[in-house]
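Visitor: Annotations per Swiss-Prot:
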type     : residues                                                       : note
SIGNAL   : 1-20                                                           : signal peptide
REGION   : 92-252                                                         : region 'Interaction with SNAPIN'
BINDING  : Gly103, Trp104, Thr105, Gly106, Thr107, Gly108, Lys109, Asn110 : ATP binding site
CARBOHYD : Asn144                                                         : N-linked glycosylation site
CARBOHYD : Asn159                                                         : N-linked glycosylation site
REGION   : 252-333                                                        : region 'Interaction with KLC1'
REGION   : 313-333                                                        : region 'Interaction with SYNE3'
Amino acid sequence: MKLGRAALALLLLAPCVVRAVEPISLSLALAGVLTTYISYPRLYCLFAECCGQMRSLSREALQKDLDNKLFGQHLAKKVILNAVSGFLSNPKPKKPLTLSLHGWTGTGKNFASKIIAENIYEGGLNSDYVHLFVATLHFPHASNITQYKDQLQMWIRGNVSACARSIFIFDEMDKMHAGLIDAIKPFLDYYDVVDEVSYQKAIFIFLSNAGAERITDVALDFWKSGKQREEIKLRDMEPALAVSVFNNKNSGFWHSSLIDRNLIDYFVPFLPLEYKHLKMCIRVEMQSRGYEVDEDIISKVAEEMTFFPKEEKVFSDKGCKTVFTKLDYYLDD
């Protein structure tokens, strides 16, 4: 998370946006500044991003981005496309949209959240209205969990007050201290208003490795049965995935009221990636760097990756996460 775009702009026109790394005292000071420019929204928007400037979501553009940038994830792409486009087209949603993305490292969870943000705000993850929390960075100490709960509620309340269509992304949910995330339960529930603030248009996205074993088991069973992974349906995954995450003591969702009260709209499985998907990632990366696609280099990079299970060697250990650094070695030759 970042501070203001410039010190001068912050002093003159500072929006009431509370950053995860900002002191709470700063947010209180900014509330006073708000009154000096509240009557001049057009003037303010000449200098900084405004909530009202959010993009009008194009379902076709979102689908194109998902198809061109997210590989091997037919379930995730369908759920994200329908959930996000449907939510944003609803002028009066009953509750915030909550997506919980699950899968191994390198399968595309962070990338999917980036795509969502970019299709709603031009600045994407750098937008003033998109807020990223990383469990090990922002909530490192179990002894401070009570303080974290209070701060988290204040940060979310302040940001949604400034922009109803705020997006909150919680990464490393599997490393978050159990019970902490329950602090935001009132904001995710079916309330019109909580303490004079409506959260119904906000979006909450949770990213986690929890449940990845269950996802792999289903994908491997389909592979052993000679079925295509595209035949896997959400119903084959979602119920067992929710139970697995709820009962995982190493997950921030362990016995969470968010799951118990059915406040997570979708548990989105990200399947482990196969050899062919790694080649897709490498191919797109070469194109994005302006290199001519070289299938020989693509194959060499993909073959350097390690695969599991030990016997079958079907799925990439790290997904597409490290293929880009390995690509550097061959491009420098």
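Glycine is treated like the rest: Cβ placed from N, Cα and C.
Show me how these features fit into the structure around them.
Guide: Taking the region 'Interaction with SNAPIN' (92-252) as a whole, pLDDT averages 96 in the prediction.
Under 8 Å, Cβ to Cβ, and six or more positions away along its own chain, Thr105 (ATP binding site) finds Asn209, Lys318, Gly319, Lys321. In the three-state DSSP scheme, Thr105 (ATP binding site) falls into the coil class.
Asn144 (N-linked glycosylation site) falls within a helix when secondary structure is assigned with DSSP.
Secondary structure at Asn159 (N-linked glycosylation site), as computed by DSSP, is helix. For Asn159 (N-linked glycosylation site), the Cβ neighbour count at a 10 Å cut-off comes to 25, with all displayed protein chains included.
Mapped onto DSSP classes, the region 'Interaction with KLC1' (252-333) shows 36 helix, 9 strand, 37 coil.
Beyond the ends of the region 'Interaction with SYNE3' (313-333), by six or more residues, the same chain brings 71, 104-108, 216, 219-220, 223, 272-275, 277-278, 281-282, 285-286, 289, 291, 297, 300-302, 304-307 to within a C-beta distance below 8 angstroms of the stretch.
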Visitor: Measure from the CA atom of Asn144 (N-linked glycosylation site) to the CA atom of Gly103 (ATP binding site) and give the result in Å, rounded to a whole number.
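Guide: One finds 28 Å between the Cα atoms of these residues.
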Visitor: According to DSSP, does Asn110 (ATP binding site) sit in a helix, a strand, or coil?
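Guide: SS state of Asn110 (ATP binding site) = helix.
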Visitor: In angstrom units, rounded to an integer, how far apart are the Cα atoms of Thr107 (ATP binding site) and Asn144 (N-linked glycosylation site)?
Guide: 32
